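These come from Swiss-Prot:
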type	residues	note
ACT_SITE	Lys169	active site, schiff-base intermediate with substrate
BINDING	Thr57, Thr58, Tyr144, Asn145, Tyr146, Lys169, Asp170, Thr171	substrate binding site
SITE	Tyr144	site 'Proton shuttle'
Amino acid sequence: MGRQGNLEELWCLRMPEIITPIITPFTKDNRIDKEKLKIHAENLIRKGIDKLFVNGTTGLGPSLSPEEKLENLKAVYDVTNKIIFQVGGLNLDDAIRLAKLSKDFDIVGIASYAPYYYPRMSEKHLVKYFKTLCEVSPHPVYLYNYPTATGKDIDAKVAKEIGCFTGVKDTIENIIHTLDYKRLNPNMLVYSGSDMLIATVASTGLDGNVAAGSNYLPEVTVTIKKLAMERKIDEALKLQFLHDEVIEASRIFGSLSSNYVLTKYFQGYDLGYPRPPIFPLDDEEERQLIKKVEGIRAKLVELKILKE
């Protein structure tokens, strides 16, 4: 009984996190709308999001100049210091400069994806890229592993060779791939980048999810985590599957563009525009997207997850 009680206590203490890769709002003339960004950050933190991942894919990070990445950091920092600051890019000098500038901010850490586009980069050079960032960073460094987008898989074995990561965001649907980071790097914080694995991650001993859908359904993602941690698995999965339906609907029209529409629909405020070549949805696409998710919203209201 004593051992069982200790296990139950450890289970309750281990609380995985929901991290939002925060959307970057742009004006019609393609500038960052800092006021909208702050409103969004405030809402997310108020609704229980644990940290904000700034300049990620959902935030259209690859389209941002170094100056804009820093601008995003400053705007979000006005709201919270619970920030992982993504600095990566194709110019290592820019990434180094951003990492060094982050010393002026009391944040959680910096992150970087692997250098993308360039084919057949050697593992040796990828390792050198990340080790260089670790050497100059005043904060803990997180790996952002997104093989589909970057063409490089910095898997658990390579991460162990690099040897300086505090954590990883692994954007891949294969949970075994993500679990391998914890197996080979037991002291590393391991986050899944999949929205569809929130309930699963909360049940596996991993450290949480970096979930794009938490931009527009923070209440849902936080509740899925809570239910899973309370071992109310049936309820957690019921909510997870509703969340998955919204994610699937967003992908029909392009998830990066849909995120702006869905945030306005579910959260009630406007996040402006994405940045081309991520174009905004046209009126008909918006109408079709909302039609696909309005029944889900009604169910979430019925479950008292969302307000009327």
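Note: Cβ is positioned from N, Cα and C throughout, glycine not excepted.
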Using a 10 Å cut-off, grab the number of neighbouring Cβ atoms around the Cβ of Asn145 (substrate binding site), all chains included.
26
Considering only the binding-site residues Thr58, Asn145, Tyr146, which fall within 10 Å of the residue listed as 'active site, schiff-base intermediate with substrate' when distances are taken between Cα atoms?
Asn145, Tyr146
Residue among the binding-site residues Tyr144, Tyr146 whose Cβ has the most other Cβ atoms within 10 Å:
Tyr144
Have a look around Thr171 (substrate binding site) and count the other CB atoms within 10 A of its CB, chains all included.
23
Can you list the residues of the same chain, besides Thr57, Thr58, Tyr144, Asn145, Tyr146, Lys169, Asp170, Thr171, whose Cβ falls within 8 Å of the substrate site's Cβ centroid?
Pro21, Gly56, Tyr113, Ala149, Gly193, Val210
Looking at the recorded positions Thr57, Thr58, Lys169, Asp170, which sits with the largest number of other Cβ atoms within 10 Å of its Cβ?
Asp170
Per DSSP, to which secondary structure element type does Tyr146 (substrate binding site) belong, with helix, strand and coil as the options?
coil
